[in-house]
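What TrEMBL says about this protein:
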type	residues	note
BINDING	His66, Asp104, His312, Glu316	divalent metal cation binding site
Amino acid sequence: MNSRELVSALNDFASPSLAESWDNVGLLVEPSPPHTVNTLFLTNDLTEEVMEEAVQKKADLVLSYHPPIFTPLKRVTWKTWKERLVVRALENRIGIYSPHTAYDAIPHGVNNWLAKGLGTCTSVPLHPSAAPSSPAECTHRVEFCADAEHLDAVLSKIKDIPEISHLTTLPARVEGEEQTRISLSCSQKALLEVVALLSQNSLLYHKTEILLLQKPLLPHTGMGRLCTLNEPVSLSDIMNRIKGHLKLPHVRVAVGAGRTLESPVKKVALCAGSGSSVLKGTEADLYLTGEMSHHDVLDAVANGISVILCEHSNTERGFLSELRDTLAIHLQNKINIIVSEKDRDPLQVA
């Protein structure tokens, strides 16, 4: 499969536009074209040990859930391990693609997989995603009236402003006078120019209405999940379910104030990875995530919310096996897909 064809298919599977604004997703390293991908290699973290495994298994593209390039690289040398990843990838003609928070948001992604460990439940995103948009897409609707004297001049200047669309004019009567009602859609950047133009004429400015265009929310898509169990179970039982789902011998637990290990759990707010910012303020019986700050745990416990922490990547890595099977169908079994055997959480209980 051609590399660019594969990247396009991966973007269709989970649009990079669903990722958080701070994230670095998509194709991060691209060997010179043409580049054919016969083997797609899945990993949660691309370490040097995992890269060596990818080389040995003759991978053509590494899909690393976490982006190995996050902050900008000022140089690509043999000095640091992340620079060495890029060097080795290019030397061995291996591309690197990272989906990260785009996979957190999608309905068939990491958070829904994590929720399967709770048992039978219904879930909704904690922070729903809006429909993707391009940077120039209209964000506001502007409507104002102009008399015949100013109409042509205003329309001429507005048409010179980029990122304006759906410009319409209709007859209108304002305070007994025949005027023209002008309506247009524009981007945030264009809005500033439109307002600056209209503010030059106080009569026009005072008759202006600005409406925020809300993008539709995508169903079952967004960050985090609020899960409602069909039947409440004890905190102790939930811990055992999670350990079984994640194949972990231990998890860390903080019992909410006024609760015990036998207290019933009905609502669970969860977020794979580091969940403090996503879970904070959510009303639930339990927060489930990989890691949280000490003070955010204290806040949750003080509010009667128990917390289960499993370490960051332990709440993500198990998804790779499910992803392998789902991608095989999405890619019509055109390429070989393998999951890393060397990828593991850097922390262990000693």
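Cβ coordinates are placed from backbone N, Cα and C, and glycine is handled just like the others.
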Of Asp104, Glu316 (the binding-site residues), the residue whose Cβ has the fewest other Cβ atoms within 10 Å: Glu316
Largest tally of Cβ atoms lying within 10 Å of a Cβ, found at which of the binding-site residues His66, His312: His312
Any further residue of that chain within 8 Å (Cβ to the Cβ centroid of His66, Asp104, His312, Glu316) of the recorded divalent metal cation site: Asn44, Tyr65, His100, Val110, Ala272, Gly273, Ser274, Gly290, Ser313, Thr315
